[in-house]
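Visitor: The S-adenosyl-L-methionine binding site annotation in Swiss-Prot covers G104, L123, S124, R125, L126, T127, L128 and is backed by sequence analysis.
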Amino acid sequence: MRVRLIAVGNKMPKWVTEGYDEYAKRLPKDFALELVEIPMSPRGKNTDIPKAIRKEGDSMLEAIPSGDKVIAMEVLGKEWSTDQLADQTEQWRMDGYNVSLLVGGPDGLDPRCTARADQTWSLSRLTLPHPMVRVILAEQIYRAWTLMNNHPYHR
């Protein structure tokens, strides 16, 4: 199984890259976590934000492999517990699906990405910085894998 994290932004602070990499490298090759970085459209005081979001959305939609289950990360999505994430992930694995998780930039996801998603998931009702979401998702994917494999990380 492969979980592809498709996220807007490609110039992350060192702590984000290190945090993400720490959890991604812990996963076995048969349960790979792959990061696909979508360049963020330039932002300035005269930026047409909807146009920038559409451009990012175009790139995100192109990055989704056919056949993947698609999960859009949205503040108003469904909140899952870690156990629910592990159960859902195990079901996807048993059904032979790979998964693409979509994380928007500072102005959110293109509505077409949300429409393309099979499910929407929320980490919190709080608005989280999009770089931090990468680290949290990587840790939660790793934690779900440990639950599925009776690993002592999740107690």
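Along the chain as shown, residues are numbered 1 onward.
For all residues, glycine too, the Cβ spot is worked out from N, Cα and C.
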Visitor: Starting from the Cβ of T127 (S-adenosyl-L-methionine binding site), draw a 10 Å sphere and report how many other Cβ atoms land inside it.
Guide: 9
Visitor: Can you see whether DSSP assigns G104 (S-adenosyl-L-methionine binding site) to helix, strand or coil?
Guide: coil
Visitor: Around the C-beta of S124 (S-adenosyl-L-methionine binding site), how many further C-beta atoms are within 10 angstroms, looking at every protein chain?
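Guide: Its Cβ shell of radius 10 Å holds 10 other Cβ atoms.
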